[in-house]
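As recorded in Swiss-Prot:
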type: MOTIF; residues: 2-30; note: motif 'Q motif'
type: DOMAIN; residues: 33-203; note: domain 'Helicase ATP-binding'
type: BINDING; residues: Ala46, Gln47, Thr48, Gly49, Thr50, Gly51, Lys52, Thr53; note: ATP binding site
type: MOTIF; residues: 151-154; note: motif 'DEAD box'
type: REGION; residues: 428-528; note: region 'Disordered'
type: COMPBIAS; residues: 458-506; note: compositional bias 'Basic and acidic residues'
type: COMPBIAS; residues: 518-528; note: compositional bias 'Basic residues'
Amino acid sequence: MTTFRELGLSDSLLQSVESMGFEEATPIQAETIPHALQGKDIIGQAQTGTGKTAAFGLPLLDKVDTHKESVQGIVIAPTRELAIQVGEELYKIGKHKRVRILPIYGGQDINRQIRALKKHPHIIVGTPGRILDHINRKTLRLQNVETVVLDEADEMLNMGFIEDIEAILTDVPETHQTLLFSATMPDPIRRIAERFMTEPQHIKVKAKEVTMPNIQQFYLEVQEKKKFDVLTRLLDIQSPELAIVFGRTKRRVDELSEALNLRGYAAEGIHGDLTQAKRMSVLRKFKEGSIEVLVATDVAARGLDISGVTHVYNFDIPQDPESYVHRIGRTGRAGKKGIAMLFVTPRESGQLKNIERTTKRKMDRMDAPTLDEALEGQQRLIAEKLQSTIENENLAYYKRIAEEMLEENDSVTVVAAALKMMTKEPDTTPIALTSEPPVVARGGGSKKRGGNGGGYRDGNRNRSRDGRGGDGRNRDRNRDGRNRDGNRDRNREGSRDGNRGRRGEGQGRPGSSNGRGERKHHSRKPQA
């Protein structure tokens, strides 16, 4: 393994890294950082949980001249959650160097951001729409930018951000370094690389690292109407410390979180329709452990970096295999073990095969637990807790009463009574969830999403009346491209949570191939 001291980083960054408890670099960090420090353009293919933020963050921070009061680097991320997470990590890494980091994203008061921009941050981390909004307002100037990072570029493509990214890249100086990270490399991302990058160094994490060997993966064949009972029985049997349950739509997330609370589980949901304050509140409670189950849509959970997640439950099978990899990457981090469960309805077996092809891993089948098995699972958990108490606690104060009880009852009866009192009886409160259509793989291959509605039987099931939906645009926008509150960072993730009819790989926005503006870049290649 390569240590961070071998990578040629400055002393102030090494001090931060070591204070965070890191000594050895991950594979993506060890391969990326030396090339990036030399000023080379980088294409990095890596999933979340591989340490890619530090892979681009360390060389980005290393180049910053803190004596200059100007923006020297920008990181473009697909969602506000990821922008916040990346900003927090860069702040920690750049703390001893005193690098000023500013996250900017939609959903936050733009005037507050304008005031913060006047304090001369060195690095901006933001979503494409909000960055472009500040550029157009002339509240963000990029004339001194030396490094541009595109984080989760394929996800930004899926959310319809390619045109915004091209507009941002045409506004940075001709001579700059570009670091592009993407789990996959669809054609529009390749075209971005060809146009805006110079002889990029291509770094790819090996398949065995991408498929996350620390995660045990299981699938259960279960009918749609029985999924909720199966989920609660698994929660009773497995008793996860922290669990994330993935639903396909915002409606599903709302109904699931409410139903789990009715059954006695501490659960809350997160999706694109929540206010930023509410999202942060839910995430804080989840990190603190005051809620044990987080129910989320794919986009809302994108970029979350929460330690201690032991279980991921895919209540709804994802629309595409790549989303499955992102989902299960919430667990099994930092060398710890994790468990991922996938619910598969009878018509979704083809999508299961697609996922297994992508991950290069055959999942183990698990039978859906019965009510009796859930009860037995609860009893075994209580028995383990009792045994731990016997081995680790001082019980002298309780032994006199225990001896009196044993004079009148046999020991087995006493222990059985204790188990009964402590066991959480499986709740069978009737729950009615709105059924979601199955994701049916078509043509035996990886399903493309677009005009066919992303696998829904009736096409794009949440399209707006004017026929739009799936390109991530919000109907509330007026003619100048802004929504009612002037927030140009259109809530793409909100529409995507409930409406997955997004463009397939290989498709950007109409007319996006030419970008905006004709100004040449140092790395732009001649047109044939």
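Including glycine, each Cβ sits where the backbone N, Cα and C put it.
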Residues outside the motif 'Q motif' (2-30) whose C-beta sits under 8 Å from one of its C-beta atoms, at least 6 past its ends, are 37, 44, 46, 50-52, 54-55, 58, 61-62, 92-97, 203, 205-206, 209
Measure the Cβ-based neighbour count of Gly51 (ATP binding site), defined as the other Cβ atoms within 10 Å of its Cβ.
-> 20
Among all the protein chains here, how many other CB atoms are within 10 A of the CB of Lys52 (ATP binding site)?
-> 26
Provide the number of Cβ atoms within 10 Å of the Cβ of Ala46 (ATP binding site), excluding the reference atom itself.
-> 23
Specify the secondary structure state of Thr53 (ATP binding site) as given by DSSP, simplified to three classes.
-> helix
Please classify the secondary structure at Ala46 (ATP binding site) using three-state DSSP.
-> coil
How many other Cβ atoms are found within 10 Å of the Cβ atom of Thr53 (ATP binding site), counting all protein chains shown?
-> 24
Residue distribution over DSSP helix, strand and coil in the motif 'Q motif' (2-30) = 17 helix, 2 strand, 10 coil
Taking DSSP states H, G and I as helix and E and B as strand, how many residues of the motif 'DEAD box' (151-154) are helix, strand and coil?
-> 2 helix, 0 strand, 2 coil
